[in-house]
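Asker: According to TrEMBL, the domain 'Flavodoxin-like' annotation covers 6-150. Summarising the annotation, TrEMBL assigns FMN binding site to 12-17, 59-62, 97-106, D132. If you look up TrEMBL, you'll see 190-209 marked as region 'Disordered'. According to TrEMBL, the domain 'FAD-binding FR-type' annotation covers 206-440. For R350, R382, A383, F384, S385, G409, L410, C411, S412, W589, the entry in TrEMBL reads FAD binding site. Annotation comment: TrEMBL describes T453, S508, R509, K514, V515, Y516, V517, Q518, D551 as NADP(+) binding site.
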Amino acid sequence: MPSPGLLVLFGSQTGTAQDVSERLGREARRRRLECRVQALDSYSVVNLIREPLVIFVCATAGQGDPPDNMKNFWRFIFRKNLPPTSLCQTDFAVLGLGDSSYAKFNFVAKKLHRRLLQLGGRALLPVCLGNDQHELGPDAAIDPWLHDLWEKVLALYPVPLDLGVIPAGVPLPPKFTLHFLPEAPRICSEEQHGASTDPPGPPSEQQPFLAPMVTNQRVTGPSHFQDVRLIEFDITGSGLSFAAGDVVLILPENPASHTQQFCQVLGLDPDQTFTLLPQEPGVPCPARLPQPCSVRHLVSHYLDIASVPRRSFFELLACLSPHELEREKLLYFSSPQGQEELYAYCIRPRRTILEVLCDFPHTAGAIPADYLLDLIPPIRPRAFSIASSLLILVAVVQYRTRLKEHRRGLCSSWLASLDPGQGPVQVPLWVRPGGLTFPETPDTPVIMVGPGTGVAPFRAAVQERVAQGRNGNFLFFGCRSRHQDFYWGAEWLDLEKRGCLTLFTAFSREQEQKVYVQHRLRELGPLVWELLDRRGAYFYLAGNAKCMPADVSEALTSVFREEGGLSSPDAAAYLARLQRTLRFQSETWA
């Protein structure tokens, strides 16, 4: 019988789910299955009843939320009027991506799996639970699950005997070809940015607003280890609107030195121009790339050469390598057996795509230009909390690894390098709703816990609430020193003096024993319990995702036990109820 059309649908927040979906697509094509790979919200969900075979790949964002590019699908699939036999002709499997340090680990994948069963779908396998916390990352769960998946799929739809499986070392055709032009056309700067100072609709990723940077001010002390910037943009005429808790998304650029080095290693002429031609039906050209486009613009504005490469990068690079020793090493890195060594070589030291290409020069020099968009992911926008009328607080990411070289965050370093005092600076940006929503009732108190740059969204919230005459504002702020990184300290103290804010600080390095926000929460347990249990307060948490959220949650459950007299299971249930009713909300980032 003819092979069916396999459909892979993904919901992705950071790009991992999309990368896994594209891997599924490649593996399907090697098994001679027709395969479409689409974001969930770009797929017409009413057609799902006619799909024989669907794989869902979905990440869990925030507090058990679906990613932005599957929210419309999520609302549709949970409509109560859908018949229980809707998907009775569909075989499906669900692959989840999550982080077990969060309370709602892989919540979206688990809930979707149950819902598809309720609608009559037949599950080929139990849901896969990829875990970022595993030492080998989500692949530790994905590899064995995919092995079982293909066994199930090929039992239903065997590979035609006259064709066979395409071996792993043979490259599949590229998604696009680059048609190089004999002469460079004139490309205006607006096209090069893919943005406009006068967009036709609300600014978006496809059409960002080029916002003039007004100020770029360091707000940490000169001797402080971290460079944190308060950056202000002028959004006059942009059509942008936002509320407290929303985030601004910014598209950064690769440094000119990295762009030049990349072109040298791959033997590309940065000034050459090309048009992009899709090689698969239904695959559009990337909206962010102008047509025609220069190689320099492709590398500096689109290819994320500063990102840590995923395993799929090594798989394709091995296929393209003409050099025996380099190819052998790349094949090992892309194999299940080579994952520990790949982790030691690439993941732990945060080695970038550009650095890997420099380590494999014979392979890099032989990469056909047509494969660049298959090999290297696009630069993803970075999200920052809005601190007021599009003021944002940016901590410049900089650290050392085992490579002994400074690591710099692409977007934060790029923003920090821009100086509006030296001439006009424009940054492509747009806004989306954040994960924090504040109560509309005027007498409901809010408890905000924002250590470090986590305080940024709360500045906007406090400004808004004070303007509305809402004074039940309780802020827990933590940093190292009141003299080095007490962001907006004078402003908080002034609001406290005016009776608009109650401020609790934790300056961790100003005494022998470190004091953090979770210690202050425990110390003020009677007040916290009074606000939450008797006055119906909302509790908000923002900041680094590493240890702080778990420490704050543990401090809260401790308060519930000691001040509320609850048992440990009842304290955990009380916290879960606050989360479920959105009286506990958090926005954290790695």
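First residue shown is number 1, and so on along the chain.
Glycine is no exception: its Cβ is also placed from the backbone N, Cα and C atoms.
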Asker: Among residues T453, S508, R509, K514, V515, Y516, V517, Q518, D551 annotated as binding NADP(+), what is the maximum Cα-Cα distance? Answer in Å.
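Answerer: Overall maximum Cα spacing for these binding residues reaches 19 Å.
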Asker: Based on DSSP, tally up the residues of the domain 'Flavodoxin-like' (6-150) by helix, strand and coil.
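Answerer: Taking each residue of the domain 'Flavodoxin-like' (6-150) in turn, the totals are 58 helix, 35 strand, 52 coil.
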Asker: Sorted by position, what residues of the same chain at least six away from A383 (FAD binding site) have a C-beta under 8 A from it?
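Answerer: In sequence order, the residues whose Cβ lies under 8 Å from that of A383 (FAD binding site) (at least 6 apart) are V247, V248, L249, R432, W589.
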Asker: Are there any residues in the same chain, six or more apart in sequence, whose C-beta is under 8 angstroms from the C-beta of L410 (FAD binding site), and if so which?
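Answerer: Sequence-distant Cβ neighbours: P252, N254, D304, A306, S307, I379, R382.
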Asker: Any idea what the Cα distance is from D551 (NADP(+) binding site) over to Y102 (FMN binding site), rounded to a whole Å?
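Answerer: It is 12 Å, counting Cα to Cα.
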Asker: Given G15 (FMN binding site) and R350 (FAD binding site), what distance in Å do their CA atoms have, once rounded to a whole number?
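Answerer: Their Cα atoms are separated by 17 Å.
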Asker: Just jot down the residues in the same chain as R509 (NADP(+) binding site), at least 6 apart in sequence, with C-beta under 8 A of its C-beta; none if empty.
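Answerer: Same-chain residues close to R509 (NADP(+) binding site) (Cβ under 8 Å, separated by 6 or more) are R480, S481.
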Asker: How many Å lie between the Cα of Y102 (FMN binding site) and the Cα of T453 (NADP(+) binding site)?
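Answerer: It is 20 Å, counting Cα to Cα.
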Asker: From the Cα of V517 (NADP(+) binding site) across to the Cα of R350 (FAD binding site), what is the distance in angstrom?
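Answerer: Counting only the Cα atoms, the answer is 30 Å.
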Asker: Please work out the number of neighbouring Cβ atoms within 10 Å of the Cβ of V515 (NADP(+) binding site), leaving out its own Cβ.
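Answerer: The answer is 16.
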